[in-house]
Amino acid sequence: MSKPGKPFILNSPFAPSGDQPSAIKKLTEGLQDGLAHQTLLGVTGSGKTFTIANVIAQLNRPAMLLAPNKTLAAQLYAEMKAFFPENAVEYFVSYYDYYQPEAYVPASDTFIEKDASINEQIEQMRLSATKSFLERRDTIVVASVSAIYGLGDVNAYMQMMLHLQVGAIINQRDILARLAELQYTRNDQAFQRSTFRVRGEVIDIFPAESDEIALRIELFDDEIDNLSLFDPLTGHSFGKIPRYTIYPKTHYVTPRERILTAIDQIKNELTGRQDYFIKEHKLLEEQRITQRTQFDIEMINELGYCSGIENYSRYLSGRQEGEPPPTLFDYMPADGLLIIDESHVTVPQIGGMYRGDRARKETLVQYGFRLPSALDNRPLKFEEFERLSPQTIYVSATPGNYELEKSNGDIIDQVVRPTGLLDPIIEVRPVASQVDDVLSEIQQRVALDERVLITTLTKKMAEDLTDYLDEHGVRVRYLHSDIDTVERVEIIHDLRIGMFDVLVGINLLREGLDMPEVALVAILDADKEGFLRSESSLIQTIGRAARNLNGKAILYADRITHSMQKAITETERRREKQQKYNQEHNIIPQALNKKVRELLDIGQTDKQKKGKQAVKIAEQSASYTPNAPKSRQALEKELKQLTQQMQKLAKDLEFEKAAAVRDKIGQLKMALLEV
């Protein structure tokens with residue numbers, strides 16, 4: 001398949017500065033010299049993403065960015081999208097909103113059926129990501145660790161594509177039959193993703209990987225007379241095109257010949273398994289495996305797929321036992337780049353995925369719920385991941401031993417920030433008075449309209465501290481592990497816009513999310529050596545205050561542990577280097593005024609997005625801005641108007657919009673107190 005050689009066009013009003021130019025130069029030269037592994041030690045707020053964007057643009061090679069979770073992947077995706085608006089920036093994370101894998105608990109003889117809720121928007125983005133890798137050189141895919149999980153075989157996927165060209169001889173029935181093979185469904189009433197409709201000699205197709213473009217095929221007898229793209233909502237035509245390729249609805253489609261071969265192989269394995277269970281006098285297990293597998297075979301034969309078809313992926317992709325599954329890496333061009341963000345977290349995650357998955361499946365196989373071949377439906381083993389990985393850049397403020405070893409200890413330092421901001425000042429204070437001391441510090445910060453993060457060791461302490469601060473009039477929220485990804489981003493968004501001032505957490509305030517408004521990080525019980533108070537954890541947590549001009553970290557401890565000493569020494573090293581650079585170049589540190597980006601519409605339905613847009617319109621109509629000086633009379637008048645607007649929206653059952661107006665009222669009341 002020919003791929004257009006469109007270059008990456010980096011869109012940024014800023015030129016690289018601070019340590020960025022030397023980091024870009026070293027990384028680019030290293031990749032050109034064929035280095036397989038490089039490590040970028042980039043401190044918080046040093047513009048690591050911008051450095052990577054420059055490297056990609058200079059080398060003009062497709063890239064995959066791996067992030068440790070969906071939240072950071074969404075943030076990276078938003079940033080890369082802004083840097084490369086003219087190129088293909090894609091998003092590839094797990095498409096499950098909810099996922100309960102099938103499992104068997106022998107102790108209670110409980111079988112748990114697979115139960116999942118698939119997010120259609122993210123499924124579309126995943127299909128778009130693989131399409132871009134197959135079609136375009138100017139592609140950046142931002143992925144989570146989902147990238148190491150099994151995906152449909154790339155060769156079978158490409159074999160199933162439907163290529164259409166103006167002037168091609170093909171009759172309507174053949175096109176419809178091919179669409180059915182691609183698992184598209186006919187729906188002449190509701191035109192949505194992965195469906196087609198037929199009107200006379202016109203076929204409209206809504207591609208599975210698209211969210212805003214549909215294809216119209218106009219036939220004349222058995223010849224394609226016209227191909228055109230149009231807006232599926234309005235019907236507005238985007239113009240005629242000479243050719244178009246329809247991609248399958250799912251990555252798991254398989255040609256008919258391969259399906260028939262796979263069915264024979266599944267039957268052979270089933271026979272062997274039946275003999276084994278009968279020989280072992282396990283008649284219940286023999287009955288289970290026979291019943292389940294025969295039902296699946298029937299479904300695959302009739303429809304081309306069945307529930308849990310991924311458990312037969314070894315046969316459907318034509319692999320041998322123990323071979324690595326096809327993954328996103330198989331769709332990636334051979335000269336692609338791999339960038340692992342927050343590598344000190346992401347790399348160990350990749351290593352742990354295979355073992356957890358294997359333990360669950362072995363139980364299913366042992367008790368007759370799955371054939372042994374189901375064990376090959378798995379994520380990549382760590383050594384397979386290493387073997388498949390192209391040239392790799394590890395990015396972290398605290399690289400782990402693995403990254404240092406792979407890079408032969410040669411680290412590219414990006415410590416100096418373009419803004420001239422310094423690493424936070426660190427103070428160590430006694431544990432005995434930590435709660436009262438934190439309260440006093442909070443009051444000082446709130447008076448300056450700054451935010452505070454507090455990290456504790458236990459859930460109980462976090463809850464008690466939150467209650468205590470709340471009783472003392474502090475606007476505080478508690479971020480715990482039960483909060484889902486979307487709500488977590490919303491809480492951090494609310495902290496940034498000033499809906500509350502203090503966020504308390506345990507292990508959720510470390511990597512990644514930009515919060516320039518946070519001026520103080522308080523680490524309680526910093527001298528309790530362990531996972532949450534390790535050197536890298538402390539450096540990452542301290543780094544949350546590094547984007548603020550007045551950044552400060554207070555470590556409450558009665559003794560200086562080995563981890564604390566190393567974290568303090570490293571922070572002081574960075575601070576010294578930053579100060580020296582600022583003096584040499586006459587740089588005055590500047591506050592980082594980073595826009596509060598909306599990450600939350602990734603993976604939301606059109607209906608949810610429209611609701612959010614309507615909320616934004618409601619916000620714009622309220623002329624109140626927190627920093628605009630207004631008289632008390634004007635504020636009271638506006639408060640009255642907004643209250644009426646909120647009541648009307650609530651009466652009309654427009655609760656999302658009403659909640660947005662309610663938040664405005666809260667800000668307005670705070671402004672009134674200050675007048």
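Even glycines carry a Cβ here, placed using N, Cα and C.
Quantities reported herein were computed from a predicted structural model and do not represent experimental measurements.
Sequence annotations record features per position, and here Swiss-Prot assigns ATP binding site to Gly42, Val43, Thr44, Gly45, Ser46, Gly47, Lys48, Thr49 based on sequence analysis. The annotation domain 'Helicase ATP-binding' is assigned in Swiss-Prot to 29-414 on the grounds of sequence analysis. The domain 'Helicase C-terminal' annotation in Swiss-Prot covers 434-600. Summarising the annotation, Swiss-Prot assigns domain 'UVR' to 636-671 and lists sequence analysis as the type of evidence. Annotation source Swiss-Prot lists motif 'Beta-hairpin' at 95-118.
What Swiss-Prot annotates, mapped onto the structure for a quick look.
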{"residue": "Gly42", "record": "ATP binding site", "Cβ neighbours (10 Å)": "26"}
{"residue": "Val43", "record": "ATP binding site", "Cβ neighbours (10 Å)": "26"}
{"residue": "Thr44", "record": "ATP binding site", "Cβ neighbours (10 Å)": "23"}
{"residue": "Gly45", "record": "ATP binding site", "Cβ neighbours (10 Å)": "23"}
{"residue": "Ser46", "record": "ATP binding site", "Cβ neighbours (10 Å)": "27"}
{"residue": "Gly47", "record": "ATP binding site", "Cβ neighbours (10 Å)": "23"}
{"residue": "Lys48", "record": "ATP binding site", "Cβ neighbours (10 Å)": "23"}
{"residue": "Thr49", "record": "ATP binding site", "Cβ neighbours (10 Å)": "20"}
_Listed in sequence order, residues not in Gly42, Val43, Thr44, Gly45, Ser46, Gly47, Lys48, Thr49 with Cβ within 8 Å of the centre of the ATP site Cβ atoms_ = Thr51, Ala397, Gln414, Arg417
*Could you tell me how many residues in the domain 'UVR' (636-671) are helical, how many are strand and how many are coil under DSSP?*
33 helix, 0 strand, 3 coil
*Which three-state DSSP class does Thr49 (ATP binding site) fall into?*
helix
*Give the residue counts of the motif 'Beta-hairpin' (95-118) per reduced DSSP state, in the order helix, strand, coil.*
3 helix, 15 strand, 6 coil
